[in-house]
Amino acid sequence: MLSNEGQKFLDDTQGYLRTKGIREADIISFIEDAEVHLIEGEKRGKSVNDIFGHAPKEYANQLAKEMEVDKKGNYKLLLYFIINLLAFTMMKSVFFSEADHRLSYSLIELIGYPIMIFVGISVLIWGMRTASFKRKRTEFLIMYITGAIWFLSIFSIALLNNFYGTTFIKFTATESFILVGIVVLFAAIVNIKFGGWFTLAYLLVPIALEYVFVMIDLSSIIGMYVQQIILFIVIYMLLKIHIKLEKGKYTNKKRDSIIYR
């Protein structure tokens, strides 16, 4: 049985390597081998530091240099993020934000939000890397700060748009519903095809949360902040669950291939 310290080392290493864009098969293969070494070492009374050294992040960095970067997988992940975010924001605008259910955008939004998407991705990666190999409280604090930075970046665009934005493009209600339908359908297909059924949760859970937030009326600045933090934490938790499911799927596939040889 693996100790809590050993399990945390495996989870942190796996998460850290994933933020480096390493191929999933290589990550899981290493984690499985490392788990065996940890179990055997702990039986002999050794700690994680005795087995893998006193600098786990440096060890993970060295591993990343020796492993293959999964460019195709990274592009897929980026596609998931962009498509789901686009579908979510469009649904939010049509169903919850706009009284006339019409999509409309200013130049500030059209230019600012795409920039903020890449800022958000960079901040999330930074947060996950920084939180790795830290104590649980420190990890939570880092992810909380990451969520706050994400909120401030989004809020700054909304604030600029509120004072200086003028409508650049506006669709009719019918056009808006058609566009939302097309984007949501495309997002669902992309998620199922490349990530499996679970990845639909990245789309459905945030919109369900948005519905709850609208029902309890979190329209103040503090309410918006709380909303973004909760949304960020939920997505982070979904990502953790997804990682565990993918690990289980890969392990079962590997075991089946050995059995049928």
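Using the three backbone atoms N, Cα and C, a Cβ is placed for every residue, glycine included.
Copied over from TrEMBL, here are the features:
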| type | residues | note |
| --- | --- | --- |
| DOMAIN | 88-205 | domain 'HAAS transmembrane region' |
| TRANSMEM | 77-95 | transmembrane segment |
| TRANSMEM | 107-128 | transmembrane segment |
| TRANSMEM | 140-161 | transmembrane segment |
| TRANSMEM | 167-190 | transmembrane segment |
| TRANSMEM | 197-216 | transmembrane segment |
| TRANSMEM | 222-239 | transmembrane segment |
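The DSSP breakdown of the domain 'HAAS transmembrane region' (88-205), given as helix, strand and coil counts, is 96 helix, 7 strand, 15 coil. Put simply, of 107-128, 140-161, 167-190, 197-216, 222-239, the stretch with the most CB pairs closer than 8 A to the transmembrane segment (77-95) is 167-190. Tertiary neighbourhood of the transmembrane segment (222-239): same-chain residues 143-144, 146-148, 150-151, 154-155, 201-202, 205-206, 209, 213, selected by CB-CB distance under 8 Å and a gap of 6+ residues from either end.
Under 8 Å from some Cβ of the transmembrane segment (140-161) lie the Cβ atoms of residues 106, 108-109, 112-113, 116, 119-120, 123-124, 126-128, 130-131, 134, 221, 224-225, 228-229, 232-233, 236, all in the same chain and six or more residues away from its ends.
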